Amino acid sequence: MTRKDALATVLLGPDPKLRRMVAYWAATGVLYGVCTALILVATDFGLVDRAGAYALTSYSFTGVLVFMALVRFSAVLGIAPRTLAVLQGLFAISCNMWVYTIAGPLREASLIMLLVVVAFCTFAMRPRQTLLLSAAGIAAMGATMWWHAAHDPAHYPPLVEGLTFGFASAGLFAITLLTGEMNKLRARLKRQKEDLLAAVATIRTLATVDELTSLANRRHMNEVLAAEERRQAHGHAACIALLDIDFFKTINDRFGHAHGDAVLRAFAQAAQGALRGSDMLARWGGEEFLLMLPNADLPEAQQVLARIAAKVVALEVPGLELDCALSFSAGVTARAGGEPFADTINRADKALYRAKAEGRNRVVAA
Ligand SMILES: Nc1nc2c(ncn2[C@@H]2O[C@H](COP(=O)(O)OP(=O)(O)OP(=O)(O)O)[C@@H](O)[C@H]2O)c(=O)[nH]1
């Protein structure tokens, strides 16, 4: 970890979601800073009461810092992001009403920020919470305007305050509905993305895994072999073996197809259990399996096949009483130089044919 990463982890936290929340709040802090700067500029021109502006600056600055700490340590403190968003929204409304109180002729302009508060919080809140926050904003605005109109009608004419309240409330309400719709759209897109990812995962499984045995299927094995050919263009020790269960048709005929399937599954599991970590077994078709043993010479491959044979001979499949133990025949060969795997498989196939011809239940090397 670089020093920059370590510093970022200390400041922003290790969790990407938390980091995003901290970054959002930092951006909000900048917005608070911009608004405060505008208020301070307005005080220089005598538009805003200086003492009130300074008090508001202290209040908002302290609030931003406190919320930054709450966001950063929200996981430790056990504060849910939604709860934090509600508190942040209420704090922002209180700041906004304070600005309205001291901003003199700029007070209507300051109400625009109330829309930003609702739009911002909607990302972290449930639709009902956003609606309640919006209602709280409208209530706070109504109460502030009513108080000023009642106590200082010369500067806050009741009619102007009432109409301003109407415009601002309608705007706030519309923004709440619009952001609600946007949120529904986001949720739908998120669901569609999840469905799509699940579908891609299913397709990938279907394309690479044999449904019956859960081994790699032929298509996937061919891809792996092609990749191996590209990786080891000049050839490298690798062996290929073709394994074929003996007298499988008889098992099907005697015990039925379902039992035949159970044998295929049991065989695959037993064989898989005898492999080295780098070996790969695939269902090549029917009751035939292809084994790829990278970085193995012929004696090593024969050892692996002997281990498989030992496991297969001990196999017991429920409901299957065979006259003799289950067995398989195999042809095994080493990849010669940089030859295509198709040629290696061809040789293994011929060796398998010989194993069958010579009486089955054996491994023939080519
Ligand atoms: N149950 C089941 N049977 C299958 C499946 N795929 C192929 N088979 C059967 O496997 C049998 C293979 O028969 P054969 O090729 O004559 O082979 P065998 O009886 O094992 O004879 P040898 O290989 O010469 O020992 C056929 O009866 C196929 O119908 C499958 O997925 N499930």
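The backbone N, Cα and C atoms fix where each Cβ goes, glycine too.
Worth saying up front: this structure is predicted, and the values here are computed from it rather than measured.
Feature list (source: TrEMBL):
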type: TRANSMEM; residues: 21-41; note: transmembrane segment
type: TRANSMEM; residues: 53-71; note: transmembrane segment
type: TRANSMEM; residues: 83-103; note: transmembrane segment
type: TRANSMEM; residues: 109-125; note: transmembrane segment
type: TRANSMEM; residues: 132-150; note: transmembrane segment
type: TRANSMEM; residues: 162-180; note: transmembrane segment
type: COILED; residues: 175-202; note: coiled coil
type: DOMAIN; residues: 236-366; note: domain 'GGDEF'
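Tertiary proximity for the coiled coil (175-202) is limited to same-chain residues at least six positions away from its ends with a CB under 8 Å from its CB atoms, namely 115, 118-119, 122-123, 127, 130-131, 134. It is 109-125 that, among the stretches 53-71, 109-125, 132-150, forms the most Cβ pairs under 8 Å with the transmembrane segment (83-103). Long-range contacts of the transmembrane segment (109-125) within the same chain: residues 24, 28, 31, 35, 81-82, 84-86, 88-89, 92-93, 96, 99-100, 103, 133-134, 137, 141, 164, 168, 171-172, 175-176, 179-180, 182-183, each at least 6 residues beyond the stretch ends and with a Cβ under 8 Å from a Cβ of the stretch.
Per-residue confidence over the domain 'GGDEF' (236-366) averages out at a pLDDT of 94.
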